[in-house]
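These features come from Swiss-Prot:
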- Gly109, Ile129, Gly130, Asp131, Phe132, Ile133, Leu134: S-adenosyl-L-methionine binding site (BINDING)
Amino acid sequence: MKFSVLTLFPQLVLPYFEDSILKRALEKNLFELEVLNLRDFSANKHQKADHTLIGGGAGQILDPEMVENALHSVKNPKHTIFLSAVGKPFKQTDAMRLAQKKHVVLVCGRYEGFDERSIELGADEVFCIGDFILTGGELGALCLIDSIARHIQGVLGNAQSLENESFENHYLEAPNFANAVFKSKEINKIPAPLEYSKGNHARIKRLKLDLSKLRTKFYRLDLFKQHKS
């Protein structure tokens, strides 16, 4: 599995992979990472990366020829994703599906985004990470890589970590409680469910499913209504 990130700001992307789980996964060659500076593909001698809008309006958009040149430099086969607020919301099912791809390319928007022709000519999919605006697509790209990489075999030390996570069964994950003794009086005022400690895994599983549904109903009524059973 390989990820290629096309961005005007490589320095915003690379530090994320210098620690923790994804660093170890890279060191084990469980996936590859390539970060390309879009400016290197600008035809302008000053590496200008943007243009004004036809018809006027505030802001600039990314040079479509620069984006095209950058995409052409990335070898096929590849699955190209543009990060933009106009895209569909990224979901857990997308992460699971994309983890089966051999090469995912993520193109990070900036300024007012992309010339529409860049999307029409280059994008296999367009994603956003929520109904809000960021200054660029780098954070979105990192979110996607992190979410996808967790589904690559070996990245997580314990594959069972994926089984009961939020969204895996359409509901939010059930509440978790640390197996430890605490000095804090405030923490001890809220005991963990007794069933968690009794060792009956079938009953624990049923309780967690019930709590998972309650949590989903409280925090994400939209999801609860979609999958109520």
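The backbone N, Cα and C atoms fix where each Cβ goes, and this holds for glycine too.
The binding-site residues under consideration are Gly109, Gly130. Their Cβ neighbour counts within 10 Å are lowest for Gly130. For the binding-site residues Phe132, Leu134, the ranking by surrounding Cβ atoms (within 10 Å, all protein chains) places Leu134 first.
In sequence order, Pro89 are the residues near Asp131 (S-adenosyl-L-methionine binding site), counting only same-chain partners six or more apart with C-beta under 8 A.
For the binding-site residues given as Ile129, Ile133, the lowest number of other CB atoms within 10 Å of the residue's CB is seen at Ile133.
One way to see the shell of the S-adenosyl-L-methionine site is to take the Cβ centroid of Gly109, Ile129, Gly130, Asp131, Phe132, Ile133, Leu134; the remaining same-chain residues with a Cβ within 8 Å of it are Ala85, Cys128, Gly140.
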